[in-house]
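According to TrEMBL:
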TRANSMEM  20-40  transmembrane segment
TRANSMEM  87-105  transmembrane segment
TRANSMEM  117-137  transmembrane segment
TRANSMEM  149-171  transmembrane segment
TRANSMEM  177-197  transmembrane segment
TRANSMEM  252-271  transmembrane segment
TRANSMEM  283-304  transmembrane segment
DOMAIN    323-409  domain 'Cytochrome c'
Amino acid sequence: MYDFAVMWEWVGFAVRWLHVITAIAWIGSSFYFIALDLGLRKAPHLPRGAHGEEWQVHGGGFYHIQKYLVAPEQMPDHLTWFKWESYATWLSGAALLMIIYWVGGELYLLDPTRAELSLWQGIAISAASIGIGWLLYDQLCKSKLGDYPTAMMLVLFVIIVAMSWGLNQVFTGRAALLHLGAFTATIMTANVFFIIMPNQHIVVNDLKEGRTPDPKYGKIAKLRSTHNNYLTLPVIFLMLSNHFPLAFATDFAWIIASLVFLMGVLIRHFFNTMHARQGHPHWTLAASLILFVIIAWLSTAPMLDTWEEAEARALTPHEQQFADAEGFRNAYDIVLGNCAMCHAREPVWQGILWPPKGVVLETEADVARHAQQVFLQAGVTHAMPPPNAIATMDDESRAALAAWYRNATAGDRALSRENIENLIAAVALRDRKALTHLYALTSAKLFGVCLRVLKDRQDAEDALQEAYIKIWNGAGRYGAGGYSPMSWLIAIARNTAIDKVRARRPDPVDIDEAADLSDDAPGPEATAIAASEGRRIDLCLDELDARRADAVRAAYVEGYSYQELADRHAVPLNTMRTWLRRTMSANETARPDDATVAEYVLGTLPHAERVAFEKLLRDDAALRRDVADWSNRLAPLADEIEAIEPPAAVLANIEAALFEPAAGPAPFWQRLGVWRGLAVASLAGMIVFAGLYAQTLQPDDPATRLIATVSGAQSDVRLAALYEPETRTLRLNRRAGTPEPDRAFELWLIAGDAAPVSLGVLPQSAAILVDVPEALAGRIGDGAVLAVSDEPGGGSPTGQPTGAVLATGEITAL
């Protein structure tokens with residue numbers, strides 16, 4: 001299988017290569033023309049309008065160049081324009097920034113220790129920061145300050161320093177410096193696109209039409225070109241800085257970036273003065289050397305958070321995805337044993353004083369955050385560790401790293417019942433990290449539930465915050481309730497939201513008791529409800545009368561009260577209550593209060609009755625089990641509710657309410673309102689890119705992916721299987737079960753009435769990849785069965801199962 005991560009890495013490499021080539025062409029031509037311009041000589045024989053000339057020799061030939069300050073008297077037949085070097089450099093650079101810092105934003109762009117931002121917010125700030133520099137610079141040039149070049153450049157330098165500081169408050173160090181470079185490069189390319197080229201076209205058109213060109217256009221273009229020349233060296237430094245953690249991974253990175261601009265200006269001033277034959281101002285080189293020494297000293301400031309701080313920090317949702325994946329513990333041990341001696345906050349490998357490229361691989365969060373880099377550098381290639389540096393990174397270890405990454409990216413296993421139950425159990429033991437992990441996995445779904453009921457984002461955020469506080473305080477009671485884990489979480493969120501709804505929309509006080517429900521014969525609704533295990537009832541809404549099915553769905557999903565449902569369906573209030581109570585208790589074995597339990601779970605129980613019912617719940621264990629039973633039965637209705645990521649501030653509020661004293665206001669750079677204004681100018685471009693990229697990364701059509709849970713009632717063998725038809729890859733995760741000594745587990749495919757076909761002996765590893773032969777690929781589909789049998793060590797000697805069949809599982813569409 002050709003991993004997308006590998007392909008995407010090559011795309012990034014190709015665009016980087018293109019960017020370097022175009023940058024060399026642009027910077028080279030810029031340097032050449034500035035040197036040429038400054039070196040022009042006056043001569044008596046020059047044509048009318050010519051400002052100077054230069055003779056040059058290169059490649060075995062002589063070149064004679066003349067410059068006209070405005071234009072020659074006649075338009076030449078051939079004219080070469082120097083513009084695409086600039087355009088191609090900016091376009092390839094923008095593409096590279098999107099590939100690395102937008103697509104890979106969870107790793108390269110966002111720093112959760114600096115600002116709590118979602119990926120889209122980080123991308124918005126990124127896009128806005130690139131364009132805002134040109135807007136400010138252009139206004140400065142067009143203002144009265146533009147007549148005073150030195151003063152204007154000082155103001156621009158202050159803007160650059162402020163931007164450097166601001167970017168370092170929200171982004172990773174490497175992203176901050178890179179974006180400052182993009183900020184400056186955009187000014188340079190915009191000068192070419194909006195000023196220099198249009199002015200040149202005006203002059204050319206005047207010549208073509210016989211008019212005398214106005215010299216002001218050439219003067220303006222020359223000024224902007226000179227600005228570009230002085231900005232070139234700092235941009236090159238900033239573009240290279242992401243390879244050197246000494247530049248970007250320190251607390252003073254923003255000062256280093258600012259000083260680099262002064263260095264670049266001084267160095268260019270030396271060469272420009274020299275090319276103009278006005279001497280050699282060596283003081284500029286001495287000043288640059290002093291600045292360089294200061295930069296080197298600043299780079300030794302603390303570069304990273306301490307191990308204790310990193311260990312205490314909660315994992316981000318992106319990190320949690322990889323930390324929860326099958327094989328993470330083994331992968332973490334491999335990385336720790338093979339990589340952490342160099343990639344540590346305080347490296348112990350002789351000769352290495354700082355972690356290479358600023359990549360630290362010590363804590364679980366560190367390894368999870370750099371999962372893709374671990375996969376590419378040590379999983380599918382042998383780039384790391386360096387040859388002979390470590391002897392324990394064998395092929396099996398590399399395969400384990402690759403399997404872990406693929407497990408994490410193959411599908412979302414984080415929301416498994418077992419995982420959620422384990423987190424709830426840890427929360428009950430007052431594990432703060434577990435609460436953060438649980439929030440990362442489930443908050444989007446619960447926020448969607450709250451928002452669907454409350455219809456107001458602020459109310460939904462408040463409800464979500466209250467719900468997780470209740471989860472923290474009530475996790476110890478989860479195990480005794482009989483809930484499935486997601487049903488329990490959804491029930492808490494729904495009840496919290498419904499309480500808020502009922503508080504602002506009081507129930508009518510004259511609702512009458514519904515009609516008697518103890519008919520001996522089942523009503524029409526009963527035929528739509530199938531009882532399979534005693535009192536367990538599954539609602540088949542598709543078979544109910546459409547209006548009654550809609551009423552059940554609207555009550556659960558939208559949080560509608562009886563009055564709102566009655567208005568929605570234009571029936572009397574009592575009729576609506578009778579509908580739902582009969583629908584929910586349409587089972588001859590139902591207890592008399594079963595409909596009331598269902599009403600409570602649906603959220604339709606009038607407020608006074610709801611309060612009374614909750615008092616009974618505190619002391620009645622059987623009633624609590626009934627509520628859990630109904631919550632489990634109705635929870636699938638929440639599947640239609642879209643998961644919506646809540647604002648980052650909600651988790652901070654929850655943690656503050658539970659663990660911290662009241663804190664003062666957040667720094668202004670962490671307030672999203674400060675940055676939202678900056679994002680407006682470039683949101684359109686961001687959305688277009690995100691849309692185009694999202695299309696390329698759409699997950700496989702769910703109908704084409706197949707799953708199976710392979711287990712047996714008489715054995716402990718349990719495997720989860722995921723089949724990808726496009727690559728004919730069957731992914732297996734061994735959850736439990738190991739063969740006896742000298743025995744092996746063999747996997748079989750059974751399609752219809754055909755004889756079992758072996759898919760091979762299963763290795764002992766937890767993560768297993770099976771390449772399905774092309775001849776068998778067509779047999780794997782809905783209804784086929786995977787089976788595991790107990791065989792001799794080398795597998796079945798006959799080609800058919802010879803030992804006991806330990807586990808089976810039907811394949812179904814995902």
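Cβ atoms here come from the backbone N, Cα and C positions, even for glycine.
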Check your understanding: For the transmembrane segment (117-137) and the transmembrane segment (252-271), does the number of C-beta pairs under 8 Å, pairs 6 or more apart in sequence, reach 3 or more?
Key -> no
Check your understanding: Taking 20-40, 149-171, 177-197, 252-271, 283-304 as candidates, which has the most Cβ pairs under 8 Å with the transmembrane segment (87-105)?
Key -> 177-197
Practice item. Using a Cβ distance cut-off of under 8 Å, indicate which of 177-197, 252-271, 283-304 has the most pairs with the transmembrane segment (149-171). Key: 252-271
Revision key, fill the gap. Same-chain residues at least 6 beyond the ends of the transmembrane segment (177-197) with a Cβ under 8 Å from one of its Cβ atoms are 81, 83, 86-87, 89-90, 93-94, 97, 101, 126, 129-134, 137-138, 160, 163-164, 167, 171, 220-221, 224-225, 227-228, 231-232, 234-235, 237-239, 241-242, 247-248, 253, 257
Revision key, fill the gap. Secondary structure split (DSSP) over the domain 'Cytochrome c' (323-409) reads 45 helix, 0 strand, 42 coil
Study note, to complete from the structure: The mean pLDDT across the domain 'Cytochrome c' (323-409) is 81
